[in-house]
Amino acid sequence: MAPGLLDLVHLTTWAVCAVIKLPQLVAVLRAGSAWGLSATSLLLELAGLLVFLKYQIYYDYPLETYLEYPIIIAQDAILLYCIMYFSGKTKRALFYTVVFGGVWYVLTLQKWIIDVAMNLCTFISAASKLVQLRHLWQTKDSGQASALTWGMGAYTCATRIITTVMTTNDLAVLIRFITMLILNIWVTATILHYRKTKKT
């Protein structure tokens, strides 16, 4: 791939990630409800994102291959707080902040910890998507779940497969992005299915 095209792929990924959770946040704030969203799914997603970001930093990968992760993490944290707020569980926010801060510190105490965590990260991130799918299947209602947010997630995974192949070619990272691409598409399709079912 030409360097200019690779730069374009990076730029579109960053642009999408800058607003990736905004459709979801807007839907939740407009409705004044987090119905259809799983807090457990979001907690698992945050854990996976934090591990993945720390892994990229630890191995000194090019900044352009993970620049969007701090932005997504910040948006996820805001969304999680909104879910907790609308479900009356805001007191848990401090607890989760402390836990995630501790995990961030422990990850790089030993090289083997970050390597094991990265391998588990794919399972954790996959579990976050499967928990959301299970929630949708149980309620048979997409509620405030945003198909646009999940669709943008699928797009960024597809672009990151390309950029990973072109830069680091890290197999663990590729497996993660391929798995997340498949699951993001599945969640998007499920949200659209239940939205269509609800309209009819």
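Our numbering is plain: 1 for the first residue shown, then up by one each step along the chain.
Quick reminder: no glycine exception, Cβ is built from N, Cα and C everywhere.
Away from its own ends, the transmembrane segment (36-57) comes close to residues 24, 28, 65-66, 69-70, 72-73, 76-77, 79-80, 83-84, 87, 89, 96, 100, 103-104, 107-108, 114, 117-118, 120-122, 124-125, 127-129, 131-132, 134-136, 139, 141-145, 173, 176 of its chain (Cβ-Cβ under 8 Å, at least six residues beyond either end). Per TrEMBL, transmembrane segment is recorded for 36-57 (among others).
Look at TrEMBL and you will find 93-113 (among others) tagged as transmembrane segment.
TrEMBL lists 173-194 (among others) with the feature transmembrane segment. Below 8 angstroms of C-beta separation, residues 52, 121-122, 125-126, 129-130, 132-133, 136-137, 140-142, 145-147, 150-151, 153-154, 157-158, 160-161, 164-165 of the same chain, each at least six residues beyond the ends of the transmembrane segment (173-194), sit close to that stretch.
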